[in-house]
Amino acid sequence: YYVEPECSFSSLIDLVENYFSAQKLVALDFPQDEWELPKEDFMLGEQLGSGYFATVYRGSWKNHINVAIKILKSDASMNYKEFQKEVHMLKSLRHRHLISLFAICTSSPPYYIITELMEKGSLLNVLRKERSLDIGSLIDMAAQVADGMLYLEQMNSIHRDLAARNVLVGEDYVCKVADFGLARIIKVFYISRFFKIPYKWSAPEAISHGTFSIKSDVWSFGVLFYEIMTNGSIPYPGFNEESYDKVMDGYRMPKPPKCPNPLYEMMLDCWQIEPDKRPDFKSIKFKTTITKQKQS
């Protein structure tokens, strides 16, 4: 990756951090906010996916750096200054298992959020397409997600929408958590009448009282881990909104056939009704890492 051919980098993250720390962006005639770039710098490619509030495209920056371009759907209820404040917060979150923010385009709607591109796409799609992945590889993916979430926990940040669809996979099956923080932006700044609560992934307190915390993310991780252990099966098959009532009545999804017993116990711990009884991500990372090593 390079901006100037004589100064190249092995990764997009290294390139961005170098120019950011050395304040070289001004010399390249960048805008005053080094994260704010003009839309004209980006070329849109194929559509990678679409959701309630955004469409994601493969793209390139100045024709030689591949990126993912998330175009937020315009909405009159969005407060630009507050949106920008939230996005600026995301800039400080950098970790090997979190998707890195590359730039934003907010001079006019629709707004762009530019991130690194993960070639294999979502973890959900990988799980469904590559069903021959061995148990060690599956547990390793879970451990990587737990590592990224542990960092968010240490930074006092929460995700709010953790699921296999919001984890992206790159070369060598490197997994990175995506869309952290975006769920809050959507909740606060968009009219929510068209938004469907992801009941099957959400903690009871998030559904009943709108209470989100790192412990509600732990609940969601338990559901994500079920997705991993079942190669992308839909959780709570046959249920939708009623899955909340089933859970409150004590129902828990059965152990997937390939899931090791210690990790199913961890999954059940993630689904404790009382948030304080759920494990933290440090414990989850430790258990998944140890079990992965035993499978090797």
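The backbone N, Cα and C atoms fix where each Cβ goes, glycine too.
Features reported for this protein in TrEMBL:
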type: ACT_SITE; residues: Asp161; note: active site, proton acceptor
type: BINDING; residues: Lys70, Arg165; note: ATP binding site
type: BINDING; residues: Asn166, Asp179; note: Mg(2+) binding site
type: DOMAIN; residues: 42-290; note: domain 'Protein kinase'
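Recorded features from TrEMBL, shown on the structure.
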residue: Lys70; record: ATP binding site; Cβ neighbours (10 Å): 24
residue: Asp161; record: active site, proton acceptor; Cβ neighbours (10 Å): 24
residue: Arg165; record: ATP binding site; Cβ neighbours (10 Å): 20
residue: Asn166; record: Mg(2+) binding site; Cβ neighbours (10 Å): 25
residue: Asp179; record: Mg(2+) binding site; Cβ neighbours (10 Å): 23
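Rounded to the nearest whole angstrom, the C-alpha distance between Arg165 (ATP binding site) and Asp179 (Mg(2+) binding site) is 10.
Counting only the Cα atoms, the space from Asn166 (Mg(2+) binding site) to Lys70 (ATP binding site) is about 13 angstrom. If you take the Cα of Lys70 (ATP binding site) and the Cα of Asp179 (Mg(2+) binding site), they are about 10 angstrom apart, rounded to a whole number. DSSP classifies Lys70 (ATP binding site) as strand under the three-state reduction. The average pLDDT for the domain 'Protein kinase' (42-290) in the predicted structure is 89. For the pair Asp179 (Mg(2+) binding site) and Asp161 (active site, proton acceptor), the Cα-Cα distance reads 8 Å.
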